[in-house]
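According to Swiss-Prot:
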type	residues	note
TOPO_DOM	1-11	topological domain 'Mitochondrial matrix'
TRANSMEM	12-40	transmembrane segment
BINDING	E40, G45, S441	Na(+) binding site
TOPO_DOM	41-50	topological domain 'Mitochondrial intermembrane'
TRANSMEM	51-86	transmembrane segment
BINDING	H61, H378	Fe(II)-heme a binding site
TOPO_DOM	87-94	topological domain 'Mitochondrial matrix'
TRANSMEM	95-117	transmembrane segment
TOPO_DOM	118-140	topological domain 'Mitochondrial intermembrane'
TRANSMEM	141-170	transmembrane segment
TOPO_DOM	171-182	topological domain 'Mitochondrial matrix'
TRANSMEM	183-212	transmembrane segment
TOPO_DOM	213-227	topological domain 'Mitochondrial intermembrane'
TRANSMEM	228-261	transmembrane segment
BINDING	H240, H290, H291	Cu cation binding site
BINDING	Y244	O2 binding site
TOPO_DOM	262-269	topological domain 'Mitochondrial matrix'
TRANSMEM	270-286	transmembrane segment
TOPO_DOM	287-298	topological domain 'Mitochondrial intermembrane'
TRANSMEM	299-327	transmembrane segment
TOPO_DOM	328-335	topological domain 'Mitochondrial matrix'
TRANSMEM	336-357	transmembrane segment
TOPO_DOM	358-370	topological domain 'Mitochondrial intermembrane'
BINDING	H368, D369	Mg(2+) binding site
TRANSMEM	371-400	transmembrane segment
BINDING	H376	heme a3 binding site
TOPO_DOM	401-406	topological domain 'Mitochondrial matrix'
TRANSMEM	407-433	transmembrane segment
TOPO_DOM	434-446	topological domain 'Mitochondrial intermembrane'
TRANSMEM	447-478	transmembrane segment
TOPO_DOM	479-515	topological domain 'Mitochondrial matrix'
Amino acid sequence: MFANRWLYSTNHKDIGTLYLLFGAWAGMVGTAFSILIRAELGQPGSLLGDDQIYNVIVTAHAFVMIFFMVMPIMIGGFGNWLIPLMIGAPDMAFPRMNNMSFWLLPPSFLLLLASSMVEAGTGTGWTVYPPLAGNLAHAGASVDLTIFSLHLAGVSSILSAINFITTIINMKPPAMSQYHMPLFVWSILVTAVLLLLSLPVLAAGITMLLTDRNLNTTFFDPAGGGDPILYQHLFWFFGHPEVYILILPGFGMVSHIVTYYSGKKEPFGYMGMVWAMMSIGFLGFIVWAHHMFTVGMDVDTRAYFTSATMIIAIPTGVKVFSWLATLHGGNIKWSPAMMWALGFIFLFTIGGLTGIVLANSSLDIVLHDTYYVVAHFHYVLSMGAVFAIMGGFIHWFPLFSGYTLNHTWAKIQFLVMFIGVNLTFFPQHFLGLSGMPRRYSDYPDAYTAWNTASSMGSFISLVAVILMVFMIWEAFASKREVSVMELTTTNVEWLNGCPPPHHTFEEPAYVKSNS
């Protein structure tokens, strides 16, 4: 029965499908917000007519894309679908908790949308800094609704993380060691640990903000002995691991895609890849204050955070060069998924280089809160995370659905998207270097040309998103079934057929140990 299958589901494949559908839907909402932002900035002068509304749209765009698009698709969608198949587990360790993790998200999303509709909305930016987020500058229920929304999304992610950690550590076949696991499994494991350690700190910070707003506490109010900088420390101690949470599953997916379409049976430097991910996860926790170079820290503090941030480039470089080495000498198949993966490597590297620039505290003091920062993190998110999601989706779509996408359309869609995102975000580096600040709805005429180009790019990206919806419809309408899958010996998720039966590995997988 429909309700029993989808509302009360305890099946990792069905829950993964729910996550993918929810993430796609939220992605449309987030894209709509971003189009509104670029429409406002397409030329000087006012379009929306109100800076508060503009800032509400910017805030909503960030929250929707991070908490309701990237995380549900990467961790909830691909994670749920692939982890049990890749380690030969019959399902997740806690199947009912898995269901709850998903069903906490729609109410959370609803609360976020509600927060935009009451009073004047939450126009604080996704960081929700006090005193702007306090009860004077943002009177009314809006910020409180946003905080509740974050609480629900946070609980969902924490439960999900516990579930993945338990599944990966406990539900492998006895002969399978940690170092026999596919890289995507490793990436989700590291991501889950990051979630488990960082989200409680965010919960503490926003709960204190909630009591500051409603119960007259003064955690972040200097008038009562508090300090708004404390909030920034708490937020960014979560916020920096969060950006690695958004990209690490992408690393895992790209490793699989690059290996598969290079015709290799394993990625180059498996152990290096694993340790690089663990290093990135660890280092991600000790660099948070590089988001706060402008709040007046001591010079030695800034020196430490600059150096520590730059160290992250080393394991990241290990991954990039290992992907290139995996490609080397391979029998390369130019499938759409491979194109997304190669686009990921190229554009993520550019985003990483601008990150190294921003790691220098002296430079960051000039570039902080300019469009240079926006360009940097959209290169790693809008062209890192999103390209990985697109590549993973196209690569594993036959596994999820049993049908194949039209490769010609998929390549056209990649090309349109590639042009669109680059035209959107490359000019923003120039705007930032010229000093155009973030989070303003208008700008001096001198910035017009690059902003117009950027807005043109965003509309091209919108065409690519619509093309993707068309491609998915076309695949289900044409019903081209998968005939044969190559390289299944080293890509075990395909072993049960396309799509796999509702229940897989009902008796444990037999793994022969080579160690």
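The backbone N, Cα and C atoms fix where each Cβ goes, glycine too.
The shown structure was predicted, so the numbers you read here are calculated from the model rather than taken from an experiment.
This view paints the features noted in Swiss-Prot onto the structure.
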| residue | record | Cβ within 10 Å |
| --- | --- | --- |
| G45 | Na(+) binding site | 10 |
| H61 | Fe(II)-heme a binding site | 20 |
| Y244 | O2 binding site | 21 |
| H290 | Cu cation binding site | 22 |
| H291 | Cu cation binding site | 22 |
| H368 | Mg(2+) binding site | 19 |
| D369 | Mg(2+) binding site | 15 |
| H376 | heme a3 binding site | 24 |
| H378 | Fe(II)-heme a binding site | 20 |
| S441 | Na(+) binding site | 20 |
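Considering only the binding-site residues H291, H376, H378, S441, the residues lying within 10 A of H368 (Mg(2+) binding site) on a C-alpha to C-alpha basis are H291. When each of 51-86, 141-170, 183-212, 336-357, 447-478 is checked for Cβ pairs under 8 Å to the transmembrane segment (95-117), 141-170 comes out on top. All protein chains considered, the CB of H240 (Cu cation binding site) has 23 other CB atoms within 10 Å. Cα separation, H61 (Fe(II)-heme a binding site) to D369 (Mg(2+) binding site), rounded: 17 Å. Between the transmembrane segment (336-357) and the stretches 51-86, 183-212, 228-261, 270-286, 299-327, the greatest number of Cβ pairs separated by less than 8 Å involves 228-261.
Looking at D369 (Mg(2+) binding site) and H291 (Cu cation binding site), their Cα atoms lie 10 Å from each other.
The DSSP breakdown of the topological domain 'Mitochondrial intermembrane' (358-370), given as helix, strand and coil counts, is 9 helix, 1 strand, 3 coil.
Close to the recorded Cu cation site, the chain also has W236, G239, V287, W288, A289, M292, F305, T309: residues not among H240, H290, H291 whose Cβ is within 8 Å of the site's Cβ mean position. Remark: the transmembrane segment (51-86) makes no contact with the transmembrane segment (270-286), by the rule of 3 or more CB pairs under 8 A. Taken through DSSP, the topological domain 'Mitochondrial intermembrane' (41-50) splits into 1 helix, 0 strand, 9 coil. For the pair H290 (Cu cation binding site) and H376 (heme a3 binding site), the Cα-Cα distance reads 14 Å. The C-beta environment of E40 (Na(+) binding site), restricted to residues of the same chain at least 6 apart in sequence and closer than 8 Å, consists of S46, L47, L48, Y54, S441.
Per-residue pLDDT, averaged along the topological domain 'Mitochondrial matrix' (401-406), amounts to 97 for this model.
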